[in-house]
Amino acid sequence: MKISDKLLHPDWKEKVTYSYEFFPPKTSTGVQNLYNRIDRMKTWGRPMFVDVTWGAGGTSSELTPGIVNVIQTDFEVDTCMHLTCTNMSTEMIDAALKRAHETGCRNILALRGDPVKDTDWTEGESGFRYASDLVRYIRTHYNDEFCIGVAGYPEGYSPDDDIDESIKHLKLKVDEGADFIVTQMFYDVDNFIAWVDKVRAAGINIPIFPGIMPIQAWDSFIRRAKWSGVKIPQHFMDTLVPVKDDDEGVRERGVELIVEMCRKLIASGITRLHFYTMNLEKAVKMIIERLGLLDENLAPIVDTNNVELTNASSQDRRINEGVRPIFWRTRNESYVSRTDQWDELPHGRWGDSRSPAFGEFDAIRYGLRMSPKEITTSWGSPKSYSEIGDLFARYCEKKISSLPWSDLPISDEADLIRDQLLSMNRNAFLTINSQPALNGEKSSHPVFGWGPPNGYVFQKPYVEFFVHPSLLNELKETVKKLNSVSYFVTNKNGDLDTNSQYEIPNAVTWGVFPNREIIQPTIVESTSFLAWKDEAYSLGMEWANAYSPDSISRKLLVSMMKEWFLCVIVDNDFQNGQSLFDVFNKMRSLKDIHPELYYANAS
């Protein structure tokens, strides 16, 4: 989505917003670390956009579009791609714009840019001498395909710059077609506000995003201020010098200084904060949290025509997507990747399930984003099924924030069924996804609500879990006695058993809204379930492989992934939310049938 369109959207227009800048790392490991960081930062709340820098002289012309593609398509966060014209031919400019457009990126930050290190700037054959030339070229040849941003320099591009003259150059870029301004970093907030007043007086009325540089450490703070030529207010020095040899102290005091600066900006009516992250996250999170913005924008955008299921549209064709299988509820990026080649995405209902072919699960990109050390720190080294059950129970109690099948903490809606989930997991019915019954909750409800205002939302109770083979027959027989309950069961090989009609979707979430058809955003369906099981078992095997080959934990988890069944149960009687869990109250548990398996170490 274009930044200019977002700024007009009611979910963004009146709010304080934030956005991030990242730069392309030089190694593949660095790139993966960046993706992991973005994945974490996305859970804080919804950034308006993420921008990715362009190397001097086009040195990252391959890497920058690739990173933009992953952020836009896989993480479903709207992007803004930097594009410089230094040492760039017209063909290179067109190629970069084409790649950006293909990924769904509709925002370009047009810059002159610096020459490659140890070379002088020369005007290329393309005739791009200034950023205004690039803005004119994009607007002339691509019309309104892109929202174009330009740089603003509140303290001048260099220390000797005439500010009034630089504002004239800024006005030229705006006249050529720029839609928004991202400014150079600064610390003198009073000077910045005065500069904004001058910009407005010059007839420049497009949105301004102030560039906020968090203070991470003393040396980097001084180096960046000197490099960019910005003024450091005396009270910054008075606050930081006493702790300059203490990185934690500098970060803590630096956060307070930046928070104070942001509050002053917001009070003056400047509400679009743009963070230069330097590919780091801790200080940025501290600032956002202390500004009271953490998680504030996490709810999905709802416009007047469509209900979007994701934080931002990854591609224009996903804007109207309205239905997804529930299995990927906590693994959105993987679902987008596996459906990226679909010609049509379901909108009002889930279509013929025989038509879409899910792509293969990309375990390298969408597998566990943790090192073996991080896995053992987070999940320990379980040595029995009882210990695994306790681990899953701790996730349901919010004592740990993730499991292999969910990168996110368990949702607040699960509080309604927490006791039932705890009982299931401690009896070795290992739950990886669930939702409680809802019967006409207001669409504005802070936990359960979604969709347009003045509506009502409904849910069928649903639970997905792994079960030991010795319990499978008893499970199916118990379910069959409850006419309202449907089940789907498969093993690692994909042998499916169900008491439902094959390939017929079962809506498990729906909403009723004024002047609208009923919206059914999540479903359960057999073909999707079989596609999901490949991913579910793969994630479990990745967890196992984090331990040494001869370890008890490795053997235990491998055995579980090879032998246990993956089950989904839906109670179609959503007015009776307890009957689904009555299934497990009527059953024996693994520790009842095989205590030697439940408590014993793997051999």
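Note that Cβ sites are derived from N, Cα and C of the backbone, with glycine treated the same way.
For Glu21, the entry in Swiss-Prot reads active site, proton donor/acceptor. As annotated by Swiss-Prot, NAD(+) binding site applies to Glu21, Phe22, Phe23, Pro24, Pro25, Lys26, Thr53, Trp54, with the evidence given as similarity to another entry. Annotation source Swiss-Prot lists FAD binding site at Thr53, Trp54, His82, Arg112, Gly113, Asp114, Tyr130, Ala131, Tyr153, Lys173. If you look up Swiss-Prot, you'll see Asp114, Gln184, Tyr276 marked as substrate binding site, on the strength of similarity to another entry. What Swiss-Prot records for Ser355 is phosphoserine.
Annotated features taken from Swiss-Prot, shown on the structure.
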{"residue": "Glu21", "record": "active site, proton donor/acceptor", "Cβ contacts under 8 Å, 6 or more apart": "Val50, Asp51, Val52, Thr53, His274, Phe275, Tyr276, Thr277"}
{"residue": "Phe23", "record": "NAD(+) binding site", "Cβ contacts under 8 Å, 6 or more apart": "Val52, Thr53, Met278, Asn279"}
{"residue": "Pro25", "record": "NAD(+) binding site", "Cβ contacts under 8 Å, 6 or more apart": "Val31, Asn33, Leu34, Asn279"}
{"residue": "Lys26", "record": "NAD(+) binding site", "Cβ contacts under 8 Å, 6 or more apart": "none"}
{"residue": "Tyr130", "record": "FAD binding site", "Cβ contacts under 8 Å, 6 or more apart": "Arg112, His169"}
{"residue": "Gln184", "record": "substrate binding site", "Cβ contacts under 8 Å, 6 or more apart": "Ala151, Gly152, Tyr153, Pro154, Glu155, Tyr157, Gly211, Ser228, Val230"}
How many other Cβ atoms sit within 10 Å of the Cβ of Tyr153 (FAD binding site)?
22
List the Cα distance (Å, whole number) between Pro24 (NAD(+) binding site) and His82 (FAD binding site).
11
Cβ neighbour count within 10 Å of Pro24 (NAD(+) binding site):
22
Residue among binding-site residues Phe22, Thr53, Trp54 with least C-beta crowding, 10 angstrom cut-off:
Thr53
Same chain, 6+ residues apart, C-beta under 8 Å of the C-beta of His82 (FAD binding site), given in sequence order:
Asp51, Val52, Thr53, Trp54, Thr64, Ile108, Leu109, Leu111
Any idea of the Cα spread of the NAD(+) site, Glu21, Phe22, Phe23, Pro24, Pro25, Lys26, Thr53, Trp54, as a max distance in Å?
16
Could you give the Cα-Cα distance between Phe22 (NAD(+) binding site) and Gly113 (FAD binding site), in whole Å?
16
Taking DSSP as the reference, which of helix, strand or coil describes Tyr276 (substrate binding site)?
strand
In terms of DSSP three-state secondary structure, what is the assignment for Pro25 (NAD(+) binding site)?
coil
